[in-house]
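TrEMBL has this to say about the protein:
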type: REGION; residues: 1-23; note: region 'Disordered'
type: BINDING; residues: C12, C26, C29, C35; note: [4Fe-4S] cluster 1 binding site
type: COMPBIAS; residues: 14-23; note: compositional bias 'Polar residues'
type: BINDING; residues: G66, K67, G68, G69, V70, G71, K72, S73; note: ATP binding site
type: BINDING; residues: C242, C245; note: [4Fe-4S] cluster 2 binding site
Amino acid sequence: MADVPNDAPEHCPGTSSDQAGKSSACQGCPNQNICASGAAKAPDPAIEEIRQKLTSVKHKILVLSGKGGVGKSTFSAHLSHALASDDSKEIALLDVDICGPSIPKIMGLEGEQVSAQAGPQYLLSVKYVEDNLAVMSIGFLLSSPDDAVIWRGPKKNGMIKQFLRDVDWGEVDYLIVDTPPGTSDEHLSIVQYLSGAGIDGAVIITTPQEVSLQDVRKEIRFCKKVKIPIIGVIENMSGFVCPKCKNTSQIFPPTTGGAQRMCEELNLPLLGRVPLDPRIGRSCDEGRSFLTEVPDSPAAVAYQNIVQRVKRQCALNRLGDT
C-alpha cells in the first residue's frame, strides 16, 4: 500500500486506515503514537514534490494489464519508440515492474547502470535509447539481470517515489509508465504519487481468451475506483497472419467475443488488435524496435494505428485542461 511507512510491521493497516495506530499489528511500531493521533493521515508531502517535479511532463500514460505475459511491456516499448519517431518530441519510459523489470532487455539497455548526479539535489540519471527517448528501470540498479528483487510493499513504494521525484526527467512530452500485472502495491503507489501531477489515462492490454479478459475486467474496475481515465483497450496476440498466404489463424480463440465484446459491454474504446508475429519476440530479445525492423508487417501497422489513437486522446485531454 502506498500509505504504509517504510519501517512499518508486516500487517500495517496503513496510515489512512481507521485502525491506524490501534490494531494489534501496530504494537511496537515506531509510528504507532503518531498514527493513533491522526497526524499521519495528512497527505504525503511527496505528492506535492512530485507534482512540482513533473510540471515539465505534458502527458502521463499508464500501461496496465490484468494478467502477466499478455505483452504489456512490449507495448510500452513500442509506444515509446513510435512516439520518439517524431524528433520534435521528448519521450520517457518508466518501468515500475519492480520484481520483473523487462524494459532494459526490450530497449537494448540490459546491463546498463545509472548513477547519481552531483549537485544540491540527489538525482538519478536516465539512460537514453535515442536522443529523445529516455528510460528508467530498477534493472539499472541491479548488479546482474538475474538478481531477484524480494521486497515488501513499503520498499516498492519508496522506490517508485524515488523514480518520480529523484530522477532527472527534464522536459518531456510523453511519460509512459510500464506497470506490473494486477492491482497491487505498485499500482496504488503510482496512482497516489501522480494524483497531484495528473494522469492522462490508462491503456489496458489483454489477449482474446476469456481467462485474460476476466482479469482485465478487474483492472478496469480498479481504474474506475481510483478515478483513472481509460484511454482504451488493446487486444494483443489477436490471430496469426501467415507471412506467405496472408490468411489469419486464431491461435487464442476469442471464445466469449474477445476484447471487442467486452469493450462494447463496458462502453470502452477498443484501440486496436495486434496479431501475433514471431519477429516481435525476436526484436525484443535483441533490444531492437520492431516498428523499424519490419515497418510494413500487419502487427507494425496495427501498432502505428493504435499509437495515433492514443496521441489523439492525449491531445483531447490537454485541450480539455486549457
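Keep in mind that glycine also has a Cβ here, set from the backbone N, Cα and C atoms.
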Could you check which of the binding-site residues C12, C29, C35, C242, C245 is the closest Cα neighbour of K72 (ATP binding site)?
C242
Where C12 ([4Fe-4S] cluster 1 binding site) and G66 (ATP binding site) are concerned, what is their Cα separation in Å, rounded?
26
Non-local Cβ contacts of G66 (ATP binding site) (under 8 Å, 6 or more apart, same chain)?
P181, G182, I204, T206, S212, Q214, D215, V216, R217, K218, E219
Determine, to the nearest whole angstrom, how far the Cα atom of C29 ([4Fe-4S] cluster 1 binding site) is from the Cα atom of V70 (ATP binding site).
40
Neighbour count (Cβ, 10 Å) for K72 (ATP binding site):
26
Fewest neighbouring Cβ atoms within 10 Å: which of the binding-site residues C12, C26, C29, V70, C245?
C245
Cβ distance under 8 Å to G69 (ATP binding site), same chain, sequence separation 6 or more: which residues?
P181
Using the recorded ATP site (G66, K67, G68, G69, V70, G71, K72, S73) as reference, state which further residues of the same chain have their Cβ within 8 Å of the centre of those residues' Cβ atoms, listed in sequence order.
S65, P181, I205, T207, S212, N236
Among C35, C242, all listed as binding-site residues, which has the most CB atoms within 10 Å of its CB?
C35
Any idea what the Cα distance is from C245 ([4Fe-4S] cluster 2 binding site) over to K67 (ATP binding site), rounded to a whole Å?
32
Report the same-chain neighbours of K67 (ATP binding site): residues 6+ apart in sequence with Cβ closer than 8 Å to its Cβ, ordered by sequence.
P181, T206, T207, V211, S212, D215, V216
